[in-house]
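K.L.:
From TrEMBL, for reference:
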- A:25-532: domain 'Cytochrome oxidase subunit I profile' (DOMAIN)
- A:513-547: region 'Disordered' (REGION)
- A:41-62: transmembrane segment (TRANSMEM)
- A:82-111: transmembrane segment (TRANSMEM)
- A:123-143: transmembrane segment (TRANSMEM)
- A:163-187: transmembrane segment (TRANSMEM)
- A:207-231: transmembrane segment (TRANSMEM)
- A:251-275: transmembrane segment (TRANSMEM)
- A:287-311: transmembrane segment (TRANSMEM)
- A:317-338: transmembrane segment (TRANSMEM)
- A:359-383: transmembrane segment (TRANSMEM)
- A:395-416: transmembrane segment (TRANSMEM)
- A:428-450: transmembrane segment (TRANSMEM)
- A:470-492: transmembrane segment (TRANSMEM)
Amino acid sequence: MTSATVTGKPDEPVVATRNYLTEGGVTLRSWLLTRDHKRIAILYTLSITVFFFVGGAAATLIRLNLVTPSGIFTPDIYNRLFTLHGIVMVWFFLIPSIPNTMGNFLIPLMIGAKDLAFPRLNLLSWYLYVGAGLLALFAILIGGVDTGWTFYTPFSSLYSNGYVVLALAAVLAVGFSSILTGLNFIVTTHRMRAPGMTWYRLPVFVWSNYATSVIMVLATPVLAITLILVAAERLLKVGIFDPALGGDPLLFQHLFWFYSHPAVYIMILPGFGVISEIVPCFARKPLFGYKFVVWSSIAISVIGFFVWAHHMFVAGISLYAGLVFSLLSYVIAVPSAIKVFNWTATLHKGWISFDAPMLYALGFIGLFTIGGLTGLFVANLAFDVHVTDTYFVVAHFHYIMVGGMVSAYFGGLHYWWPKVTGRLYPEWWARIAALLIFFGFNLTFFPQFILGYLGMERRYYSYPPEFQAWNILSSAGASVLAAGYALPFFYLGWSLFRGKRAGSNPWAATGLEWQTSSPPPTHNFDRMPTVTRPPYQYRPEPEPQDV
Amino acid sequence: MGSLQLLPPTASAHAADMDWLFAALLGTSAFILLLVFGLMILFCVRYRKNSKVERGNRLGRTWRVEVAWTTATFIAFLGLYFWGAELYVDIHSPPKDATDIYVVGKQWMWKIEHPGGQREIDTLHVPVGRPVRLVLTSEDVIHDFAIPAFRIRQDALPGRYETLWFTPTEVGDYRLFCAEFCGTWHARMGGSVVVMQPSDFQRWLDSQDPGPSLAQEGEALFRSYGCSGCHGGAGTVRAPRLEGLFGRPVPLEDGRTVIADDRYIRDSILMPKAEIAAGYPPVMPSFAGQIGEDDLLKLVAYIKSLADGTAGTSQAGSVERPAQ
């Protein structure tokens, strides 16, 4: 892809002759040893795409199995499939998705810096990610793991006969990759902003990634500790979680969710950032309530640490713990609602156009709102007692993680594609894909809310026949969704070679990343930019390009 | 392949309450969804790029709007919270006259023991209209006893007793699932809850071959494990008498007071040093690893029966009665 993007035809205008894809060479070695945040972002993008398709393949097989009530695969294969799907999608796609690709590429550009604060650490983070990913794939290939991505004890520590310790090691390693990225972003945001780039002039994308990074740095070590304890119990029979050895199985759940609930916000906050960039650009209006959007992200990252036991309302926690954690879960729903209201208000009296990134953003708002509102259902004590561990919960978190985060990821991918590659994608195909994803997603996951209320449990390879009709609908939706996700792979790939040259600012967007050429030069800016205005100063008439 | 069913059967008093809560959650969500989607669609159409509509007088002081919608959202959320919390407290407060049925989960079956000694696997027979309290535990990994028709479920943990209660209101067969992933045959670890008319239920109980009741078996174990040596009152070691104990507060050596419930009895057998009754030397050995969950349940049932002299069908309401 590298050489083709820079050999423009002579009749095409605005070719950045000097850019990060050519400077420093185009050899494999120059890529694998690069310290340029933009090249590392490309490496990350390629690797998470591989894992997205691995996790997606498992999801496809899961939906295939559930077409019939008796299942197609054996239970052992099915249990390995959903474990693989969960581990790969959570740790090897969702958590690194926006921060490590777009965050890596854009944060220095958005704040007017030459690179991240620690370029070598950034490369190390990618190598840790790849090493961990290969380890996870190895564990899967030699026999797999059947614990679910949640590794609940004492099943994972003493009863499961899968390759649990290998999987734990892979997750542990990828956790360090998260920590390094988080650290890098925090220091970069504090120390490397261009003159005039005050905190309240930062794009919301930077704020969101900052809030995400704080969670990564504070929560991930707890995961590391927990996984090591599980491995210690499994390998050395040290009694920590299994009551037969004198341990406490609920201790694991407290520790695991102390990481994994904040991790939900690691997965969604960067998405909020992307949407907050796209909506003002295509509504040609400043973001409504900038400070409220910013501080709601910070509020989410703080309160997010105090809601973990809402995963445990039927697990045997005390009545009072249940009452407190449910209340806090309702509290954290407020800042999320604030964001939705602000995005909607941004549309008011705007000059709205519906290019592909905007379609993804509007789809995000719709799906995230449904996901957020059903969050109120599962945060509700009595309601959760009926639906926890059913497909209601599965549908709820897929609305947030897939309907929300993956839509935001695709929205961002389209929005910044011209900046990253210097090429435009075919708009018509991009809109088709956005619509396919939206409708396919709803057809896949909406029936699962109903299935969950009916009592269909998670992680069942077979189920009572009265649930089949909704399952068939869901599986039909999954095939539409799969087509929607495969489509960008082709037209974006095509645009790398044949796409129209983008110019530096095809959307007439504000933001420093649009002030430099596309693709940007290795050092991002020819002259250090100076910032004099707040972000999102959009006006109805598109500003002339490339001045 | 079944039709597109929307609601599960409603077979308990709590299930009916839960469906109202569901309706309230749905109503609130529908209102917010219609508001957000309605405004989004309205704005997208009205303020599309090519429309000539007037766009002057944009909202100025945004913080007023922000405070208004933040407060409104929070108040609506609080209402839902309290509603759900009240029902949650309710399903954690079993009535005093509930019948105790013991449930032990193990990979991959549910073993159920009625107070009269009747046993069943993967099927639970209960009478309609009478409160039932399940005492749940597990022999291996975490399981979860889920009855969608009653809208309740509870994890069964190894090494702990958890409880779950319900009053069935409709006769019929309802699905029973294991809801916590527990290994290969997780999806097949279930069966049914059979709700019967009380007279039919009594006939069913009589038709089973009960053998001794749980409490009677517990009494035999009480002797065979040597408990009676000290707790029987005849021995040389001074140990707490167990008659009339169950359900009463026990003052502990460290100044705390606990209620002598299923958990306290079980923990005192397995970890006697953890909660020492005030005034007694801590000399009892631990029976951890020597008594299985089945036998523990029987011992608990026996000690429970000592409180009121019955065969362990019910303990509560009887704590005021003098010990035998």
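Even glycines carry a Cβ here, placed using N, Cα and C.
In TrEMBL, annotation is done automatically, which means it is predicted and not curated.
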K.L.:
Across the domain 'Cytochrome oxidase subunit I profile' (A:25-532), what does the mean pLDDT come to, as a whole number?
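P.N.:
Taking every residue of the domain 'Cytochrome oxidase subunit I profile' (A:25-532) together, the mean pLDDT is 94.
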K.L.:
Using Cβ atoms and a strict cutoff of less than 8 Å, what residues sit near the transmembrane segment (A:82-111) while being 6 or more residues removed from its termini?
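P.N.:
Distant contacts of the transmembrane segment (A:82-111): 37-38, 40-42, 44-45, 48, 51-52, 54-55, 58-59, 62, 122, 125-126, 129, 132-133, 136, 140, 144-150, 162, 167, 170-171, 174-175, 177-178, 181-182, 185, 188-189, 192-194, 197, 202-203, 205-206, 209, 212-213, 216, 263, 266-267, 270-271, 273-274, 401, 405-406, 408-409, 412-413, 416, 419-420, 459, 511-513, 516, 520, 524.
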K.L.:
Go through A:123-143, A:163-187, A:251-275, A:287-311 and flag the stretch with the largest number of C-beta pairs under 8 Å relative to the transmembrane segment (A:395-416).
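P.N.:
Per the Cβ count, the answer is A:251-275.
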K.L.:
Considering only Cβ pairs within less than 8 angstroms, which of the stretches A:251-275, A:317-338, A:428-450, A:470-492 has the most against the transmembrane segment (A:287-311)?
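P.N.:
Result: A:317-338.
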K.L.:
How many helix, strand and coil residues does the region 'Disordered' (A:513-547) contain under DSSP?
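P.N.:
Tallying H, G and I as helix, E and B as strand, the rest coil: 2 helix, 0 strand, 33 coil.
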K.L.:
Counting only residues 6 or more past its boundaries, what in the same chain has a CB within less than 8 Å of a CB in the transmembrane segment (A:123-143)?
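P.N.:
The answer is 33-35, 40, 43-44, 47, 50-51, 54, 80, 84, 87-88, 91-92, 96, 100, 162-163, 166-167, 169-174, 176-177, 180-181, 184.
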K.L.:
Hey, which bits of the same chain come close to the transmembrane segment (A:251-275), Cβ under 8 Å, at least six residues off its ends?
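P.N.:
Answer is 90, 94-95, 97-99, 102-103, 150-153, 157, 178, 203-209, 211-212, 215-216, 218-220, 222-223, 225-226, 229-230, 240-241, 293, 297, 300-301, 304-305, 307-312, 315, 339, 343, 361, 364-365, 368, 397, 400-401, 404-405, 407-409, 411-412, 415.
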K.L.:
Is the transmembrane segment (A:470-492) packed against any residues at least 6 beyond its ends, judged by a Cβ distance under 8 Å, and which are they?
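P.N.:
Distal contacts: 49, 52, 56, 59-60, 63-64, 66-67, 69, 410, 413-414, 417, 425-426, 429-430, 432-433, 436-437, 439-445, 447-448, 450-451, 454, 456, 463.
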